[in-house]
Amino acid sequence: SSMDLERPGDGKCQPVEIPMCKDIGYNTTRMPNLMGHENQREAAIQLHEFAPLVEYGCHSHLRFFLCSLYAPMCTEQVSTPIPACRVMCEQARLKCSPIMEQFKFRWPDSLDCSKLPNKNDPNYLCMEAPNNGSDEPSRGSGMFPPLFRPQRPHSAQEHPLKDGGPGRAGCDNPGKFHHVEKSESCAPLCTPGVDVYWSRDDK
């Protein structure tokens, strides 16, 4: 089965009941979801297969991304479920598929990033990574939200990361760029309100 953005739900928003998807920044969803599950119980069983990967913490917004497909956000103003934007899927795949491959798993075909809308798509709404929500750390206080933090024997305070914390190493403009550890490069921050290449007036 693959994602179906066109498929309308029954029009009713329902409270998110899936344990993994509680407290992620929205609390109502719509069924059937984007993965073709008719109800949340069915979705929860499938989603639970990803629990070890979420616990591992390969991508800070993996749980949010998965929930946006298995329990997509619902608002009465829009008749279709609202998934995460494509870029979040691509980042999750980039960071998590190598981990999956170590355990002889492939990134599932059902999580096809190309089916998700870009954030400026006029026809589809999509969600960007949550930030500054009540249960998310503020930017710069650590890239892993509490639930995704890999288990470390010591607290982060005892072993401060070089150059002032994760994501800040070696970028000339840390307000606009984020240090990508794996590629040792700087990527533009995807945070709303940060104008990386153009100022608000240019736009």
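Residue positions begin at 1 at the first shown residue.
The backbone N, Cα and C atoms fix where each Cβ goes, glycine too.
For Cys96, the cysteine that TrEMBL lists as its disulphide partner among Cys13, Cys21, Cys58, Cys171 is Cys58. Looking at Cys13, Cys21, Cys171, the record from TrEMBL puts Cys74 in a disulfide bond with Cys13.
Looking up Cys67 in TrEMBL gives a disulphide bond to a cysteine among Cys21, Cys126, Cys171, identified as Cys21.
Here nothing among the disulfide-bonded residues Cys21, Cys58, Cys67, Cys74, Cys96 falls inside 10 Å of the CA of Cys85 (disulfide bond). When Cβ neighbours within 10 Å are tallied across all protein chains shown, the highest count among the disulfide-bonded residues Cys21, Cys58, Cys67, Cys74, Cys126 belongs to Cys67. For Cys96 (disulfide bond), the nearest of the disulfide-bonded residues by C-alpha distance turns out to be Cys89; the candidates were Cys13, Cys67, Cys89, Cys113, Cys126. Counting only same-chain residues at least 6 apart in sequence, those with a Cβ under 8 Å from the Cβ of Cys89 (disulfide bond) are Phe65, Leu111, Cys113, Leu116.
Looking only at other Cβ atoms within 10 Å, the busiest spot among the disulfide-bonded residues Cys85, Cys113 turns out to be Cys85.
The most crowded of the disulfide-bonded residues listed here (Cys13, Cys96) is Cys96, judged by how many other CB atoms sit within 10 Å of its own CB.
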